[in-house]
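*Asks:* Before anything else, here's the structure in question.
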Amino acid sequence: MASAAVASMVLDPKASPALMDLSTADEEDLYGRLKSLERQLEFTDIQEEYVKDEQKNLKRELLRAQEEVKRIQSVPLVIGQFMEMVDQNNGIVGSTTGSNYYVRILSTINRELLKPSASVALHRHSNALVDVLPPEADSSISLLSQSEKPDVSYNDIGGCDIQKQEIREAVELPLTHHELYKQIGIDPPRGVLLYGPPGTGKTMLAKAVANHTTAAFIRVVGSEFVQKYLGEGPRMVRDVFRLAKENAPAIIFIDEVDAIATARFDAQTGADREVQRILMELLNQMDGFDQTVNVKVIMATNRADTLDPALLRPGRLDRKIEFPLPDRRQKRLVFQVCTSKMNLSDEVDLEDYVSRPDKISAAEIAAICQEAGMHAVRKNRYVILPKDFEKGYRANVKKPDTDFEFYK
């Protein structure tokens, strides 16, 4: 009976005032929590709206900033050279006018790309650094592609057997069979100098090297290093050797090197001092690049007697290959190469021209053959006769004494 009474009190709240008060308190507590959660939800909604508005504002500011950066980079920019980083937002750059500037750096630029001597773009009015250029963007130095390599082979060069052997031993063999020099215990030659009178085949042999080797080939002329602004020439020398290191194995061919490598003297003008700075940078690069990197240097000149002794010393130009005027045997080989594709008459006797005592170069022999062919074309003939060769010989060798008086 007692348990039934307790159960009836639980089922009927009116039967107990204490239980009714407890239920009312719970309802008030739940109602308070509900109101609190509603206020929190309302506050969260307000915060969400604020964040969305702030996000829209930031996106608009980002678009405006990107448009401003594009506008800054779209105007004509000044090319400069990065020199030194002062802090995260400022640095020192050198302009092409020769002046150095303390400038601000655009916040969007990757600071890791800002290395000394890097080519950069500066705003034309504020000189602010707005872009970093690729390494090759401000350089006229480029590699010869496979299609650009000359089609000259060693067989196209008549004679010069000793010169061919020496340059292949000094340039090609260290690049293709470097282990031979390690087994013998010697260092391969670093550089090769080709010297001799004009027209003896120096550049022609360098073209054959470029054709036969698979290494990257960089060809420059000495006069290209002489630029208008101070520091541009030494920078180009550094660019040449940097490009060769990045594409090793590589061959650097500097033609007419006497334009920048004459013996140093007490220079009185800024131009002479700049040429001497180019020479000193060249000397430093030839001594400085790592011998383990397969980079070879070939230089050619007609005036080896005017070159600086520091360039000629062993360790820089280890092998010096002379190209003299061809002797009788060399003349015969050059004539055979030049006339191998020509339609000659049976009456043409090349030995007659080979045996003549005139000192002529290989280029003059090629000019004689070309002139003989031109005479045959002029006469509407398909066969070259001895008289055509005789006219070509006289045109290139037997010149009147009044011609080219300044060569005397």
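The backbone N, Cα and C atoms fix where each Cβ goes, glycine too.
Here Swiss-Prot flags ALA2 as N-acetylalanine, drawing on a large-scale study or a structure entry. As annotated by Swiss-Prot, phosphoserine applies to SER16. The coiled coil annotation in Swiss-Prot covers 28-75 and rests on sequence analysis. Swiss-Prot lists GLY196, PRO197, PRO198, GLY199, THR200, GLY201, LYS202, THR203 with the feature ATP binding site.
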*Asks:* Which residues, in sequence order, are found in the same chain with Cβ within 8 Å of the centroid defined by the Cβ atoms of GLY196, PRO197, PRO198, GLY199, THR200, GLY201, LYS202, THR203 at the ATP site, excluding those residues themselves?
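*Replies:* Nearby residues not in the site list: MET204, ASN302, PHE323, SER361, ALA362, ALA363.
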*Asks:* Residues with Cβ closer than 8 Å to the Cβ of THR203 (ATP binding site), same chain and 6+ apart in sequence?
*Replies:* ASP255, ALA300
*Asks:* Kindly assign LYS202 (ATP binding site) to one of the three DSSP-derived states: helix, strand or coil.
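*Replies:* In three-state terms, LYS202 (ATP binding site) counts as helix.
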*Asks:* When you measure from the Cβ of GLY201 (ATP binding site), how many other Cβ atoms are you left with inside 10 Å?
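*Replies:* Step by step: centre on the Cβ of GLY201 (ATP binding site), count other Cβ atoms within 10 Å, giving 24.
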*Asks:* Enumerate same-chain residues with a sequence separation of six or more from LYS202 (ATP binding site) and a Cβ-Cβ distance below 8 A; give 'none' if the list is empty.
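*Replies:* Long-range Cβ contacts: LEU194, TYR195, GLY196, ALA300, PHE323.
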*Asks:* Under 8 Å Cβ-Cβ from PRO198 (ATP binding site), six or more apart in the same chain: what's there?
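*Replies:* In sequence order, the residues whose Cβ lies under 8 Å from that of PRO198 (ATP binding site) (at least 6 apart) are ASN302, SER361, ALA363.
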